[in-house]
Amino acid sequence: MRAVLLLGLLATASAVHLDFSSGTLDGWTHSDDGKYEGKFVVATPEGLDAVTALKVPEKAKHYGISKLLPAAVDPASDLVLQFDLKLTNGLSCGGAYIKFVTDEASFTPSGLKDDTPYTVMFGPDKCGDTNKVHLILRHKSPKTGKIEEKHLQSPPFVETDSKTHVYTAILRASNNSYAVLVDGEEKKSGSLFDDFEPPINPPETIPDPEDKKPSDWVDEARIADPDAKKPEDWDEDAPREIPDEDAKKPEGWLDEEPDEVDDAEAKKPEDWDDEEDGDWEPPKVPNPKCKDAPGCGEWKRPSKPNPAYKGKWSAPMIDNPAYKGVWKPREIPNPEHNKDPAPLTNIGKVGAAAIEIWTMDDGYFFDNVVVSNSEAEAAEVREKSWAPKKVIEDAKEAEEKAKAEEAAKKAEAEAAPDAADDDGDDEDDKETEEENKAEL
Ligand SMILES: *[C@@H]1O[C@H](CO)[C@@H](O)[C@H](O)[C@H]1NC(C)=O
């Protein structure tokens, strides 16, 4: 595969393709800043024997490394950024993005810092539920000169399996569009003017930050009708319920009988001591005479809802004639408004590629960093340098899946030999049937 990787270097002048096929850092230089305790190494990813790539060897460290490009790449005629990333142990919390450093004479790789100005920051970043493939442009307003980070909204998700994936960002100067590809497939695309936040071209007006809600502003959309009066015949004191005068005491009601009587069969226990335990009283039992009667004891007339009940009177609600709507501050002209017709001419040229990250994971590999003006060139590198890795990793995955299925089958057979035997026979039969069909 090494020969295949080298082909990628034969791109035209504006294309930069950085790989680690030499087995060395190849000019990538660690920052001198003491913050970056993590040091990248060049190593072979598991299962990709012909590849050497830039590896994060230790978790829970800051890393800072960069390499100057042989010549600055100008986004004014499109910018295509791409790299391979393999997350051997996944990405639980950390960055795996590349900062495409702005071309400035003062920049040296050993001087890389967390605030080194970049033109584009692109790539995976994940922690807990936050999972995004960042695409951030540092755009300089042609009107105010202010530089602001413009973030792609709702960016694509990171591929977190352990296979090698290739991330591509395309910024087109021709029609001010962008696209993010993962493994050559477009995951998100649109207009540079619509999908970034804050917007590359700030709006014409903004809500006036000085404007305040007047103290007499009326917030209530509905009010109790002040003209409404309680009707004369509205009796607020009428009770909710009244005795049901139509109810009659059921025939056979035993007014004189209590609900419970002393248990005639109970006997005072022999060891009962009147002096210590007090006077013995037999326990109570339901009065047997009440069992077949409709009721015992005093009969009480039931209640029923009072048809005259109205409750407390309140005025009906009406639209508030004084209501002016939800208060909003007035719009004023936005001093930062601009209409940059060519924002890619205001993000700077790319002079270096930098990996400036912190991560809680280890074992990830960067490779095949591309900085180009051409989508076709990036596609060519994908085809020649990433596709062969995919073939190997897909084959390995299929092999492992087959092995796991085989092992599961074996375990099942050992657990229930008879049943498994039958299953095996059935499948053999099916296979033979299918083979026969195929031959026909
Ligand atoms: C911009 O042009 C490219 C091809 O050059 C095309 O694929 C893309 O759809 C266009 N995008 C917009 C938003 O016009």
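From the backbone N, Cα and C atoms, a Cβ is placed for every residue, glycine too.
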(request) Tell me which range among 146-165, 326-345 TrEMBL lists as region 'Disordered'. (result) 326-345
(request) Could you tell me what the rest of the chain brings near the region 'Disordered' (326-345), counting residues at least six beyond its ends with Cβ under 8 Å? (result) 75-76, 78-79, 137, 139, 141-144, 146, 171, 173, 176, 192-193, 200-209, 211-214, 217, 219
(message) When secondary structure is assigned with DSSP, how many helix, strand and coil residues does the compositional bias 'Basic and acidic residues' (328-340) contain?
(response) 0 helix, 3 strand, 10 coil
